[in-house]
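Input: a single structure, listed below in structure tokens.
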Amino acid sequence: MGMWEEASDTGMKGKKKDKNEEEEERGKKERMVNLTLEMIYLLTGEHYIPRKKSDDGGALHAPGSVIQKENNKNDKKILELMSNIIQLLTGEVAIRTHHVSIYFSLDEWDYIKGNKELYEEGIKEEPQQLRPQACEYKDESNVTAHMEATLCCNSDGNFINPENPEISPGEQPPPANGIKEEATSSEEGNQSDCSINPLTEEIQGTDTPTPIMGCSLNYSLSDNYISDEIKEEETSCQGRNQSDCSITPLTEQIQGTDTPTPIMGCSLKDNKYDGNPHWSPKNTLRRKYSCNECHEYLIHKRDFGKHQMTHKREKSFSCSECGKCFLNQLCPDRHQTGKKPFSCSKCGKCFAFLSDLTVHRRIHTGERPFSCSECGKGFTRPNALIIHHRTHTGEKPFSCSECGKCFSKQSSLVHHQRTHIGEKPFCCSECDKCFASSSELNIHQRTHTGEKPFSCSECGKCFTNHSHFAHHQMIHTGEKPFCCSKCGKCFASSSDLTFHRRTHTREKTFSCSECGKCFSNHSHLARHQMIHTGEKPFCCSECGKCFSSSSGLTAHQQRTHMKVKPFSCSACGKCFSNRSHLIRHQMIHTGEKPFSCFECRKCFSNPSNLARHQMTHTGEKPFSCSECGKCFASSSDLTFHHRTHTGEKPFSCSECGKCYSKKSSLVHHQRTHTGEKPFSCSKCDKCFASSSELNIHQRTHTGEKAFSCSECGKCFTNRSQLSRHQMIHTGEKPISCPECEECFVSSSQLTAHQQQAHRMVKPFSCLECGKCFSNRSNFARHQMIHTGEKPFSCSECRKGFSNQSSLARHQMTHTGEKPFSCSECGKRFSNQSHLARHQMIHTGEKPFSCSECAKGFSNQSGLARHQMTHTGEKPFACSECGKCFASSSKLTAHQRTH
């Protein structure tokens, strides 16, 4: 369109020259020009005609005549003309309130007329801002003079709908889609004194707002104001009459520059403006204004004032269902109804607001217009860039009033504050489980649907959420970007690093409200609390067995039903159902024990063993048995103990059918069938079926006796020996015979009693002499008589013994130690059995009687020797002369004759 120029009343000749052009430009364009000329005449009293530029690029100007207009009549006429222009361009109806011009489609206007009460309060919300992204122009002389228009009020201060003057615009309801606004302000003078703003409108079928007159502008809605989808532009008029206002190009100072730039009349090419006060393309941002509420920095005073209003605005519109508050009436309506009128043409996904759809489309196009000046990373939203920028600056402007913890995002603070108040507003419709955030609810709902939308391109494994997927991919890449400043150890995720750092500080910020136990991370606390509640939400679809964690369910399914063990050890070929078990196993080969006790510096291969060990220092036993009140350091120990009351033995051997209460006991038993002894001593190369046996054996080389009795100070190489010893002081005999109810200190004593007194089976028989034994240890000890093996030797005299207890008794002859004393006569003995035998002299007790002659004996060996007089058995033969004897002592005495 040619430039607008003033002309006098005598300039009618120009109109005649343009008749040919007007005939060619019929239709909507001609109508818009005529309506605009008429509107300018009503506003200024001057005639304007369109003319082409002169050859030298100058604009022809002719002074026009000025007339006195009647304001009230003209205002109404201007409203009608403006409405006609808008309808010609967009098919929308415009109304004017006290502060904003708002544009509605014809369908929306029908809705407004039927629901005016709902709109009366909603229209009072503060409008949001639509900003131009950038502006470039070569020559200001090439820029057309800009048409500016503002809908004005009548003399009574009321604004009239041109389609229906009887309806006040202030009574209109909100439209079904986004609202476009154009805000004005007047400081001195009346409404008619306001300057004239460029009219912008979003052309239907496009995504970007376009000015009605002037040039084509590229606008982007600032994501800081997307919630209401309101677009605005501010102007002010400093107390002038409307007739004095000149029609000048509306300028906007683009952030990051120092010169005002015309908004209209040029073609915008640079789309790098992102509305982010922290960033400018040339990194020349001047931070003039700082918000005391959220520490946000802004360049312009006008933007600073607007930003502060976001803190002052009340969210007066609340949802009747959940109580959530919103800034305007439109948001709770969409929130309650779930209406999403804006759909993506690519994937069909729907959105409640047009701005959300605009941002979503960038996923398909790959457009990331907002880039970080530090690292170059791109983002689809400017607020995402602002949040990202804080990772470089370390800024965390949002702090919790309860604990003082700081966050870089407002949403993170809100989510954190729910941990203090316990609020979980998002509930699952399937199982009624509630969550603190909608994202957690969405991830949880996938456990019901089984949806795993994130799949790994390397191994095909699928995940329910993107964070797990990203964490998994680092396994393939080996990337560990998060390093500990204390020890230099690196991790794949920041959460793993945070958890690791607590091993240095020993910080345990999460405590159980039931028992007071503290944990270093929230997931461990949640898992622990299920012990108190008994909750096991993860059930196996095959057998119905329930678990407290999804990892437990997965391990169960792989181990029991699928029997899949995809993780194999490269050293020994052993397979495992999950990676953590493989990593723990590999530490056996490497000898790595990264977890050390702060008290005694003892090291462990996994944190659970360390935690269990630390309870030996603190004496803490938080898990108590409901049957007998006995306390335990771990829940697994309590579970094993419960089985002594119930008699449950869920683990059975496939070879012989023998059952066990613990899986480890079954594994140890199965090695008796396979003969496997994977644990070998580095000193003597002796092999053992379990690591505990190896540890006990290694103490014979080191002489270490780590377990000491608090009563008498006696030391033992393993805990079981100490426990058995302590029963001497306490008199406790927890194992009872079901036949005669006699009590014993250990299960081995009970077994021996049952075999002797109740004629139980003795499955282990000696191939040399045919003697039978009830347990393997006694059988192994007996075989040493035939082989002559004596693996335990005295360090003083080098005398050998077939078992460690005999060696211990012998060593007391060198030390002279006799810790057991008789309460009757004070005589002391080197071992408990000798004391017990001696005490029978005082009591006269002879519990062992001969079945042949009923003679009584105080000990079993005396009875055995006596029975040989009835049978005539003489098992001990002299190797020199072949003479036989009933006892080894007599054989020894005889051998001295040779």
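Backbone N, Cα and C atoms are what each Cβ position is placed from, and that goes for glycine too.
According to Swiss-Prot, the feature region 'Disordered' maps to 1-30, 160-211. Per Swiss-Prot, the feature compositional bias 'Polar residues' maps to 186-209. Residues or ranges marked as zinc finger in Swiss-Prot: 289-311, 342-364, 370-392, 426-448, 454-476, 482-504, 538-561, 623-645, 764-786, 792-814, 848-870, 876-898 (among others).
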Local confidence of the prediction over the zinc finger (538-561), expressed as mean pLDDT: 80
The zinc finger (848-870) - residue tally per DSSP class, helix then strand then coil: 11 helix, 4 strand, 8 coil
Within-chain partners of the zinc finger (764-786) [C-beta distance under 8 Å, separation at least 6 from its ends]: 672, 748, 751-752, 754-755, 802-803, 875
Same-chain residues at least 6 beyond the ends of the zinc finger (876-898) whose Cβ lies under 8 Å from its Cβ atoms: 865, 868-869
